Amino acid sequence: MRREPANELLLSFGCESQSGAQRFKERNCENIMAANHSFTGSDDTADEAVRSTCDDATVCKRFAVSMNYWKDPYIQYFIKQPNERKAPEINRGYYARVKAVNILMDAFIKKTSCNCQVINLGAGLDTTFWRLKDQNLLPKKYFEIDFPMIVLRKIHLIKTKPPLSKPIIETHSSSSLLIDGCSMDSDRYTIIGQDLRDLPVLMERLKKFGLNTKLPTLLLAECVLVYITPEKSAELIKWASSTFNTTMFINYEQVNMTDRFGQVMIENLQRRQCNLAGVDICQTLETQKDRFLLNGWDHANTMDMMTVYNSLPQADIQRIEHLEFLDEKELLQQLLQHYCICWATKDSGDFGIRDIMFGNI
Ligand SMILES: C[S@@+](CC[C@H](N)C(=O)[O-])C[C@H]1O[C@@H](n2cnc3c(N)ncnc32)[C@H](O)[C@@H]1O
């Protein structure tokens, strides 16, 4: 029997609630918001609700890390331990999301022997740069893009927490980091405060901070494109395929959104003024894949997260399944069937990135 999704679970799982915006204000960040207002030019309620999803994702990841689903010694510096527990379904969902993205990303970096770039679109408070540094998998340059307000907050945390700043300084040739308005640039890590919907300015700023169009380049969008209209995400995807010769795009987001379960997810979010502007692409695995194939990519693969979960290394799956008792197996299955990972490739340099696949890595 199909079940109606529980509101709280849906909100915690993918994304988003207004409580994120509330928490942001409570942290006395109004000054940053004010400073930023003129910069973004799009500081409306809808964008604020989208920005708040950054905290929601980090809170859920933080809780799962505290439960030992995976290790991340850096996330504690970005968000305090959440007060409430997250349901086992949520923790397992985040585990699958993080593992899947890491597996594909690491495979790309290894295929190119780290002689590559990574561009994390809508990176939020993501900690991947620090993980890659610890695992000797750092690309030539790691770029992050998010709204200026999020980036200002992240730069502040990096500057004030030595465990975050030290790895950046260690990989930088000069003793000072370039901090320019809503951006910070170093030899290996750059963070840019920029609306992804303004592609000409984004391109200009990436160029300014040393984007090398000749290097194999991995783009990552983890729960981001769903907040951008299909036209704008197509522009971004087309720009990437026409700019880089060897490239992979990893996109994680909702799928199967036309069924009852998906509709309830959309309604819950709309009630919180969080509009999924890109949801039309989230109808099926095919619509997800076609977005890439119609915009210049040679190959594209998609899997729903239930299939991914079953393809992840089973010894570790057994370990995490022993961490907490899961009562609602059916709910986990439904949640995982409403998210997918899509990875598209273009490999003019013949690095073998087309072969990247779960189960054979
Ligand atoms: C659900 S969060 C995911 C954050 C991160 N990718 C992760 O998985 O932990 C979505 C992120 O996308 C960012 N975002 C959404 N639309 C954006 C836009 N038009 N320009 C820049 N960032 C955007 C939000 O600010 C937020 O940080």
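Even glycines carry a Cβ here, placed using N, Cα and C.
What TrEMBL records for the S-adenosyl-L-methionine site is ARG97, GLY122, ASP195, LEU196, and among GLU48, GLU222, GLU231 the residue it adds there is GLU222. For GLU222 (S-adenosyl-L-methionine binding site), the same-chain residues that are 6 or more apart in sequence and have a Cβ closer than 8 Å to its Cβ are ALA57, ARG97, VAL101, ASN120, GLY122, ASP126, ILE250, TYR252.
Highlighted here are the binding-site residues (ARG97, GLY122, ASP195, LEU196, GLU222) whose C-beta falls below 6 Å from ligand 1: GLY122, ASP195, LEU196, GLU222, in sequence order. Here the binding-site residues are ARG97, GLY122, ASP195; the one with the fewest Cβ atoms within 10 Å of its Cβ is ASP195.
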